[in-house]
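Visitor: Take this structure, written in structure tokens, and hold onto it; I'll ask about it next.
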């Protein structure tokens with residue numbers, strides 16, 4: 001009985017420590033001051049419980065959306081439903097793949113070649129096919145991107161319509177006037193719960209979707225996003241929280257649209273959307289975010305409300321988010337520069353000995369012809385190290401190069 005009595009007391013002590021008013025609230029403010037009344041409603045921590053069943057409902061809506069809307073759209077764009085070619089079953093190679101390494105070195109390849117009486121090239125192909133098996137198909141990627149695009153477009157549109165009627169969009173100091181006694185409106189509550197439910201559904205779906213290389217990174221991203229949304233809601237920093245959410249959703253729309261265009265092999269549209277995404281991302285995350293958001297959370301709130309423990313935590317999280325923005329912007333610029341440099345390199349290449357019409361029909365004819373090429377020449381070709389977007393073949397004494405990305409032919413005599 002004594003232990004049964006102590007357990008609730010210990011739990012009550014832990015909860016009292018966690019919800020310490022001196023941490024969460026400004027000086028001279030208590031949780032009792034923020035209880036809901038007939039005259040006004042304030043954010044309550046228990047409001048967020050609603051996000052869990054809504055996240056499950058959103059996950060089910062996603063399955064229906066991908067099956068009956070996104071999939072037909074993908075098939076209409078001629079996106080193949082079948083995934084990558086599966087590797088033939090082999091217990092020895094499977095054991096090496098799962099228990100030792102997915103990228104065997106040359107020494108291990110030679111050992112496996114002797115053990116299985118397979119040539120090294122065949123074993124390399126097996127490991128490549130086995131690695132590709134774990135990747136989702138292009139159809140699955142398209143459906144996922146279309147679902148995210150649809151949600152981001154909806155929530156961004158809703159956020160803009162909601163914020164344009166809100167005074168703190170035009171004057172960020174309104175985020176802090178009368179804080180924390182700012183009433184919770186129905187629109188603001190809906191906006192927060194919907195965003196939180198969506199990211200919770202993404203967190204859940206990671207464990208049911210095909211496991212990807214960036215599983216841990218995306219898991220941490222979703223946890224950080226959920227933490228920021230929850231944190232800002234509990235201590236009623238919801239006004240500035242709506243600005244942060246709306247600002248971040250803007251670039252995500254263009255990113256998912258660019259990915260959809262890429263999966264649908266609409267290269268020009270993909271390029272245009274990626275440029276638009278890069279411009280919106282960099283301008284919003286490196287320009288608007290620090291000048292507009294961080295300025296009000298750090299300086300204006302200090303002037304109007306003053307600092308307190310959870311204020312410091314919230315601003316540290318926002319500054320860390322800015323550091324991530326800087327890193328991601330660097331990656332985007334690097335990708336863009338690399339794509340531009342590849343384009344410039346391709347324009348300097350010229351054709352000698354043979355010329356080809358830049359049409360898919362000619363390329364397919366070349367592929368059919370290559371089936372008769374000798375094994376020796378194919379082995380020599382396999383030793384050439386070329387970028388992943390270049391495909392090469394042997395024709396007589398010439399190497400024919402076809403660029404999948406830029407659509408040019410090149411012939412070099414050897």
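Keep in mind that glycine also has a Cβ here, set from the backbone N, Cα and C atoms.
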Visitor: Pick from 114-132, 171-189, 190-208: which stretch is listed in TrEMBL under transmembrane segment?
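Guide: Of 114-132, 171-189, 190-208, TrEMBL gives transmembrane segment for 190-208.
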Visitor: Taking 71-90, 91-110, 151-170 as the choices, which stretch does TrEMBL tie to transmembrane segment?
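Guide: Result: 151-170 is the stretch TrEMBL calls transmembrane segment.
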Visitor: Looking at 15-34, 35-54, 215-234, which one does TrEMBL call transmembrane segment?
Guide: 215-234
Visitor: For the record in TrEMBL, which of the ranges 270-292, 339-361 is the transmembrane segment one?
Guide: 270-292
Visitor: To what whole number does the mean pLDDT across the domain 'Homeobox' (93-137) round?
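Guide: Computed over the domain 'Homeobox' (93-137), the mean pLDDT is 85 on the 0 to 100 scale.
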Visitor: Is it possible to list how many residues within the DNA-binding region (95-138) are helical, extended or coil according to DSSP?
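Guide: Helix (H, G, I), strand (E, B), coil: 31 helix, 0 strand, 13 coil.
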